[in-house]
Structures are given as structure tokens and as C-alpha cells.
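One structure follows; several queries about it will come next.
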Amino acid sequence: MTRQKATLIGLIAIVLWSTMVGLIRGVSEGLGPVGGAAAIYSLSGLLLIFTVGFPRIRQIPKGYLLAGSLLFVSYEICLALSLGYAATHHQAIEVGMVNYLWPSLTILFAILFNGQKTNWLIVPGLLLALVGVCWVLGGDNGLHYDEIINNITTSPLSYFLAFIGAFIWAAYCTVTNKYARGFNGITVFVLLTGASLWVYYFLTPQPEMIFSTPVMIKLISAAFTLGFAYAAWNVGILHGNVTIMAVGSYFTPVLSSALAAVLLSAPLSFSFWQGALMVCGGSLLCWLATRRG
């Protein structure tokens, strides 16, 4: 396989991941926030056994296995439930944007905990990403304090889970980089996520799961998307141009919002797109800070 082809396959993973906000929200409307997420990750985990493979548990570094599984499961649960508990389709897309603070936070964590060199660009990068999220939450008025507070109070749990999830994923990336030693535990982690969600589903009161044709289509699409995205990303990381893939991944907030708007039939305002571009720009500045550090 040529390097260009592998890079293209890796970039396809970014496109696939960008559909997850819309698909997870669509599935949760029929199967419930918890039941829908449990079904998605269970099916995805089974698919990953065939696309990525099941690792030999004993060979995986214990630190990575324990910390990685805890952080990965926690993050995926935060993400899925933040989207499922959102009050409206538009709010689900906003919640997804809050979660996209993770690229900037990942670089910050790499600087703080992994000794990543950096320069002054990291400060405006982090600030721009944070302002971008606030701009999105301000609705049509942009950076408007009262609108931001009013928006958050309509569904505080969703925004809280998305915000905490961004920090958890940044921590997961830091742990993986430091302790994985080339091992990939993604199949185990996704299966653990599904199992954890099923335990939560059966131990707590949950809405009835309503299986309709549209919901089943979205469920299968979400499971296959997640399964093939991780497989495609692995190909890109192993054989492609990692720099191009890294830059491409920082435009995920815009692509994800656009695809979610189509999947959920939720048109977005010009102010939203301004905020989304700020989040992307902030992430790119953080990345450039490490390249020139």
C-alpha cells in the first residue's frame, strides 16, 4: 500500500467519526440515551474484533490497560449520554462542539505531563478554542453572557458531561502516548464501554427501547461507522502521513457539525459557524505551538 493511499484511508476515518454526533443522537431518540449507546458500542465492539482484531490481554502494559480502559469507557459514556440527554437537535450539535475542546486540551496535557516542547502560540490557541465554544453557546448573539447561561441551564447535565468528557479524552490520549508502547486496546475498550452501559441500563429505570426501521438503520450505520473508522485510522497511522492526518483531524468540529445538521435536520446559524471555526483555529494554533516549540 502506498503512503498516499494509506493517508487517504486515514482521512476517511475523520469523515466517519464526524457523523457520530448525528447518528448517536438519532439512535438515542428511539432506544434511549443509555440503551442506544449500549447497543452502538456493543455492535461496534463485535465489528472491531474483525476489523482491528482482539489483542492479547497479557501482552498489553498493565498501566495502559487499566488507566486506558477506565478513561476510554468514561469518555465514551460521557459523550453518548451528553448527546442523548440534550433537549433538542440543535443543542445536541452544540454539546458536540463543547466536546471538541479535547484537541487543544490534549496538546496542553502533553505539555504538562509528557514534556512536549511548545512556544507562546499555545496561549492564544487555548483561548481561541475556549472563546469559540462560548461563541457557539451564545446562539445567534455570539459571545453573550446571558444567552450562554440560559442555554446551559436548559440542559446542564448534557453540557457538563461534554465538558468533562473533553478533559477525560485528553487524559486518555496522554496515557496512551506515554504507556501503550505500541499496543492497541481499542477493541477491548469499546466492548467494555458497551458492557458498562448495559449494566447501567438494567440497574436503573430507563425508557422503553422502540425499534423502528429508521432507528435500526441509524444503529447499524453508527456501529459500522465506529468500527470501520478505527480500522481506517490504524491504517493511516501505520502507513500514512501522520502530519496531514493530524491537521485534518482539527477540522472535525466543522465537518461534524455540518453532517449532524444534515442528519438531524437542524440548520445552524452563522454565529455557530463562526464559533466552530474558532475552535478549529485554536486547535491548529496549539498544534503549531508544538511544531515550533
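Counting starts with 1 at the first residue shown.
Backbone N, Cα and C atoms are what each Cβ position is placed from, and that goes for glycine too.
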Are His89 and Ala289 on one side of the membrane in Swiss-Prot?
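Different domain labels for His89 and Ala289.
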Across the domain 'EamA 2' (158-285), what does the mean pLDDT come to, as a whole number?
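Its mean pLDDT is 90.
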DSSP says what for the topological domain 'Periplasmic' (204-218): how many helix, strand, coil residues?
6 helix, 0 strand, 9 coil
Using Cβ atoms and a strict cutoff of less than 8 Å, what residues sit near the transmembrane segment (63-83) while being 6 or more residues removed from its termini?
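Apart from its flanks, the transmembrane segment (63-83) reaches 21, 24-25, 28, 33-34, 36-37, 40-41, 57, 92, 95-96, 98-99, 157-162, 164-165, 168-169, 171-172, 175-176, 179-181, 183, 185-186, 188-190, 192-193, 196-197, 200.
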